[in-house]
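Summarising the annotation, Swiss-Prot assigns GTP 1 binding site to 10-17, 57-61, 120-123 and lists sequence analysis as the type of evidence. Marked as GTP 2 binding site by Swiss-Prot: 180-187, 227-231, 292-295. Taken from Swiss-Prot, the feature domain 'EngA-type G 1' covers 4-167. The domain 'EngA-type G 2' annotation in Swiss-Prot covers 174-350. Here Swiss-Prot flags 351-435 as domain 'KH-like', drawing on sequence analysis.
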Amino acid sequence: MSLPVVAVVGRPNVGKSHLFNRVIGEATAIVSDEAGTTRDRHFGEAEWAGRQFWLVDTGGLVEDSHLLMDTAIRRQVMQAIEEADLMLFVVDAKVGVHPSDARIVDILRNSQKPWMLVANKVDDPASTDFYEFFRLGVTDVYPVSAQNGKGSGDLLDAVVANIPEVEEEERDAVRVAVIGRPNVGKSSFVNRLLGEDRLVVSDESGTTRDAIDAPMRYHDTDLVFVDTAGLRRQSRIDDGVEFYSALRTRRAIDSSDVCILMIDATEGLQNQDLKIATMAWEAGRGLILVINKWDLYEDKTDKSADKFKKEAVEKVPYLKFVPFLFTSAISGQRVTKVLDIVLSVQEQRTRRISTSEVNDALGDLLARLQPPQAAGREVKLNYATQVEIEPPTIAVFGNNPEAIPEHYVRFLHNGFRERWGFTGAPLRIILRRKNS
């Protein structure tokens with residue numbers, strides 16, 4: 001499920017970032033206890049009136065000293081048009097209509113994308129003359145004060161009325177996102193799998209751009225490689241590409257069942273690779289690490305692959321549960337093996353263990369190690385059951401779940417994995433009070 005994108009655009013110093021923070025604050029921010037899953041410096045996931053959407057703050061894209069201001073603003077708006085489902089064009093009600101505002105309106109009007117004009121810094125609608133913005137030919141102006149929150153509720157009502165409905169997809173096919181840093185060989189890998197002449201595309205309405213899904217059938221299973229438009233096409237705009245790539249990556253992850261993270265073997269595992277891997281893992285998606293350009297890896301021996309994986313696991317321990325595949329997209333070496341791994345990971349991700357089996361496993365683990373006491377009192381774990389799939393989630397019930405330390409949760413996690421594997425799939429452990 002890929003959420004709509006709402007981009008905040010406008011001149012510098014009109015309060016875009018303040019509005020972003022206000023809206024994220026007024027809306028129900030969808031947060032997680034796990035770091036890095038919902039909030040970024042420039043975009044956040046929000047919910048209003050039961051509707052979810054991404055809100056994007058483009059403020060950081062303009063303050064580039066080497067660019068002329070009008071050029072920077074125009075590029076900012078053009079990027080938003082390419083990426084977003086709805087633009088919020090923010091103007092300064094205290095300054096009034098600025099010459100750049102009229103030029104931005106012309107761009108937005110020609111874009112054929114929905115947009116709304118938001119007059120910021122309207123602390124008191126009765127005393128602020130924001131009506132002059134109707135001179136720009138708009139039918140509605142939404143007065144707000146990012147400072148004190150006035151008008152933000154009406155604005156959010158209008159936002160959710162103007163973004164496309166998101167319908168839960170019936171996923172008969174396994175949806176696969178190929179993600180990773182630029183220039184690691186993602187497009188070559190997909191083309192090698194599918195073949196250019198076999199690339200079947202379908203335009204999806206209501207997306208941020210013309211996203212392309214590439215379907216194929218393998219061993220009687222339908223696979224769909226999602227968001228391949230971003231893999232095959234370079235952005236028409238150079239500035240701010242990294243800014244939007246994180247959002248594109250997150251949307252591709254949200255639309256997928258299994259993520260293939262491409263790594264450049266010649267560059268090794270970079271911090272950005274780890275951030276992307278964690279983004280997919282914490283989102284509950286299946287994960288496969290494909291080490292591309294393995295044919296170019298220097299001083300390779302028969303132990304190089306094991307060494308590469310060992311170093312990766314030392315950096316991020318959960319990667320020991322993730323399958324690695326060492327390939328060359330250019331030569332085709334081992335590329336098609338990923339299809340069997342995708343099917344296996346999705347099977348693990350949708351696997352359901354009977355309650356009796358889960359309790360047998362819990363009993364064995366308790367026989368090996370009891371949870372530590374809390375404040376001199378015994379902590380008991382009574383029973384466990386699997387409550388979810390995609391990803392597998394096991395609830396463990398006891399008399400004082402809040403007192404169980406993190407290291408014991410890891411012990412349970414590792415013990416369950418020893419028994420069932422769940423290779424490539426996140427495994428979540430939930431602690432609950434008995435009879436809750």
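All residue numbers here begin at 1 and follow the chain in the order shown.
Cβ from N, Cα, C; glycine included.
Following the DSSP three-state reduction, the secondary structure of GLY180 (GTP 2 binding site) is coil. Secondary structure at LYS16 (GTP 1 binding site), as computed by DSSP, is helix. Spacing of ASN183 (GTP 2 binding site) relative to THR58 (GTP 1 binding site) is 25 Å (Cα to Cα, whole number). Listed in sequence order, ALA93, THR128, PHE130, PRO143, VAL144, SER145, LYS150, GLY151 are the same-chain residues six or more apart from VAL122 (GTP 1 binding site) with CB atoms under 8 A from its CB. Sorted by the number of other CB atoms within 10 A, the binding-site residues GLY10, GLY180 start with GLY180, the lowest. All chains included, 10 other C-beta atoms sit within 10 angstroms of the C-beta of ASN183 (GTP 2 binding site). Between the candidate binding-site residues, ASN13, THR58, the densest Cβ environment within 10 Å is the one around THR58. Rounded to a whole value, the Cα-Cα separation of LYS186 (GTP 2 binding site) and THR58 (GTP 1 binding site) is 27 Å. Candidate binding-site residues: LYS16, LYS186. Fewest other C-beta atoms within 10 angstroms, LYS186.
Per-residue pLDDT, averaged along the domain 'EngA-type G 2' (174-350), amounts to 80 for this model. A C-beta separation below 8 Å, combined with a sequence spacing of at least six in one chain, links TRP294 (GTP 2 binding site) to ALA265, LYS300, ALA305, PHE326, THR327, SER328, GLN333.
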